Amino acid sequence: MKKIILLGYMGCGKSTIAKTLSKNIGVPFVDLDQYIEKKANSSINAIFEQRGEIHFRKLEHQAFVELLNSSEPMIIGLGGGTPCYANNHELLIGENVLSVYLKASIQTLFDRLSLNKSKRPLIADKSDDELKEFIAMHLFERSFYYNQAQFTVPVDDKTIDQTVLDIVATLA
Ligand SMILES: Nc1ncnc2c1ncn2[C@@H]1O[C@H](COP(=O)(O)OP(=O)(O)O)[C@@H](O)[C@H]1O
Ligand SMILES: O=C(O)C1=C[C@@H](OP(=O)(O)O)[C@@H](O)[C@H](O)C1
Ligand SMILES: [Mg+2]
């Protein structure tokens, strides 16, 4: 079975949707950030703070490759930056993967992230005004990488269940 990879900007719902999709289709899911945290025995915040982002990107690449090389069927929820570093975007178009970009608007991302910043070191210290501007710029910079996905599923104004159904229909 091909591995299902969910990607997209912070807050688009990768971790949330991976969990519900997993229940819906009976395929186990791995959240890449949680997998890194377990392997490193450290939180994402602590890794950024103590070792820096470049070190995190190395761990992230290693963890992604490790999961792709395993023979287990799985849904992988990436981190928002995963496709944008270490040529990881080239791994989104492999033969054994189905990659899905969960595409959200700046407003949707802002609404969700303004309530959930503390565990995301890239935005934790930003005011609402700074956050909105940051998302707009950063999403623009990253879109090239997100658009490498084999499939795109828009998520604005959809419930978790609706997005899961849309993914299932897209991959059918
Ligand atoms: N319809 C929805 N789909 C996905 N997430 C939603 C939705 N509505 C609200 N949320 C919330 O938005 C946040 C998405 O965060 P998360 O799943 O961690 O995204 P990511 O892993 O892409 O950063 C969660 O707090 C989730 O509860
Ligand atoms: O966009 C990014 O660079 C990051 C996204 C985070 O994952 P989520 O997209 O699941 O929040 C996490 O990997 C880290 O904080 C860096
Ligand atoms: Mg996540």
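Glycine is treated like the rest: Cβ placed from N, Cα and C.
DSSP assigns Ser15 (ATP binding site) to a helix in the three-state reduction. For Ser15 (ATP binding site), the same-chain residues 6+ apart in sequence whose C-beta sits under 8 angstroms from its C-beta are Asp31, Asp33, Gly77. Look at TrEMBL and you will find Gly11, Cys12, Gly13, Lys14, Ser15, Thr16, Arg120 tagged as ATP binding site.
Among the features that TrEMBL reports, Mg(2+) binding site is placed at Ser15.
Among the features that TrEMBL reports, substrate binding site is placed at Asp33, Arg57, Gly80, Arg142. Taking the Cβ of Arg142 (substrate binding site) as reference, residues of its chain lying under 8 Å away and at least six apart in sequence are, in sequence order, Tyr9, Gly80, Gly81, Pro83, Cys84.
Take the Cα of Arg57 (substrate binding site) and measure to each of the binding-site residues Gly11, Cys12, Lys14, Thr16, Arg120: the nearest one is Arg120. Under DSSP, Arg57 (substrate binding site) is assigned to a helix (H, G or I) in the three-state scheme. Listed binding-site residues: Cys12, Gly13, Thr16, Arg57, Arg142. Those with a CB atom under 6 Å from ligand 2: none. Closeness to ligand 3 is met by Ser15, these being the binding-site residues among Gly11, Ser15, Gly80 whose Cβ falls under 6 Å from the molecule. Only Ser15, in sequence order, out of the binding-site residues Ser15, Asp33, Arg142 have a CB under 6 Å from ligand 1. On its own chain, Gly11 (ATP binding site) has Gly80, Ala104, Thr108, Leu109, Arg112, Leu113, Asn116 as residues at least 6 apart in sequence with a Cβ closer than 8 Å to its own Cβ.
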